[in-house]
Amino acid sequence: MRAMQTHTEIAPMPIPGHVDPVPVPREVTPREDGRIDLIGLPRKQIAELFAQAGLDAKAAKLRAKQVFHWLYHRGVTDFDAMTDIAKTMRPWLAERFVIGRPEIVEAQVSTDGTRKWLLRTADKHDFEMVFIPDADRGTLCVSSQVGCTLNCRFCHTGTMRLVRNLTPGEIVGQVMLARDALGEWPKGANDSRVATMAGLDFDDEDEGSYTSDGRLLTNIVMMGMGEPLYNFDNVRDALKLVMDGDGLALSKRRITLSTSGVVPMMERCGEEIGVNLAVSLHAVTKDVRDEIVPINRKYGIEELLQACADYPGASNARRITFEYVMLKDKNDSDDHARELVRLIRQYKLPAKVNLIPFNPWPGAPYECSSPDRIKSFANIVFEAGISAPVRTPRGRDIDAACGQLKTASERKSRAELDRLAEEKLAALG
């Protein structure tokens, strides 16, 4: 890169490399009241904060254990609800700390039951999360960044600029909010008002079925806004809390992290997080993948597939998922399908392929492949002995489907969203 430009043309943003895997143009703005949000912090750090605030080491460790339990097992958002902590201690905690959640700006429900939330950070940046209910599972699609830097051509999020990384608290806070909305904390831990604010029609008759034993939220996919491996430390720390047996206690086998191919971070992902891996492949030739997934210009298909072959823990029991969006006349021919099979076999990958019908958005430069073309592609892969299900689009009517996140916040002005949020709060009393 030149040290100085002598003309007014703006140079394109370079694709970040392994030297700086977290390209962040903006830092998190501290809370105005100076209090520290405990959500997203491990027990050890909570104990250290309590000690710094004046508790002796033994008391700090005990209080941290108690608070951690109330945060992640009970889902409370108020220190006064922590009944095994002395009443005199609760105001002391409330003066210094806060139990945060991302602010809910808007909640939408699709005709197919998919739910999408437009959320806002404490420093006023918007992002989205999606809950997808199925007959045998409920999957939460979690965001890792506000915006994205990868510029994948078929993805609406890719047209956004990257604002900043989400913190561990903002990432795990999405899971907490979903549990609020689904009533998945032990009965009585939170009231129905929280669920109503989160966009769920909740009444006393529902309370018996919406419990943690009901497991409405069973799976997490890091497939929302952003590239998780460009926010590796924060994603890792958040998922450790989600998987902690004393935390949210979700098995790593029920968590999938999706990457567009940040090769230098993939091994660390397997070693330090250990969750299932999904790779946004989307093309099998250099020219096409260079166009639609520009990070391919830095980490090519062969390098990416070798990293998949080396991924810790990958096996026939824990296959790597390749995501493949079906784009008309771009990556959907029978020859493309046969090349996909060849590559998977060449690298001896324990893999399955999710074929994703392209979900349109305003101004998108591509169209979805026809149903017959998708079927032909899928049959070639399936007949080679590789699972190749065609994903049923979910939440298209509320722009919550794969590749559509961004639209809700673009359609409405910030002022209109603020007005709607105020009206909702006023209606709740």
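Including glycine, each Cβ sits where the backbone N, Cα and C put it.
A quick note: this is a predicted structure, and the numbers were derived from the prediction, not measured.
The annotation in Swiss-Prot ties Gly226, Glu227, Ser280, Leu281, His282, Asn359 to S-adenosyl-L-methionine, and of the candidates under consideration, Ser251, Ser258, Ser376, the one tied to the same site is Ser258. Residues 1-23 are the range that Swiss-Prot records as region 'Disordered', among 1-23, 93-115, 116-138. Minimal Cβ crowding within 10 Å, among the recorded positions Glu128, Glu227, is found at Glu128.
Straight-line distance linking the Cα atoms of Cys148 ([4Fe-4S] cluster binding site) and Cys141 (disulfide bond), rounded to a whole number, equals 16 Å. Within 10 Å of the Cβ of Asn359 (S-adenosyl-L-methionine binding site) there are 22 other Cβ atoms, across all protein chains.
In this structure the alpha carbons, written CA, of Cys155 ([4Fe-4S] cluster binding site) and Asn359 (S-adenosyl-L-methionine binding site) are 9 Å apart. Averaged over the domain 'Radical SAM core' (134-397), the predicted model has a pLDDT of 86. Among the binding-site residues Ser258, Ser280, the residue whose Cβ has the fewest other Cβ atoms within 10 Å is Ser258.
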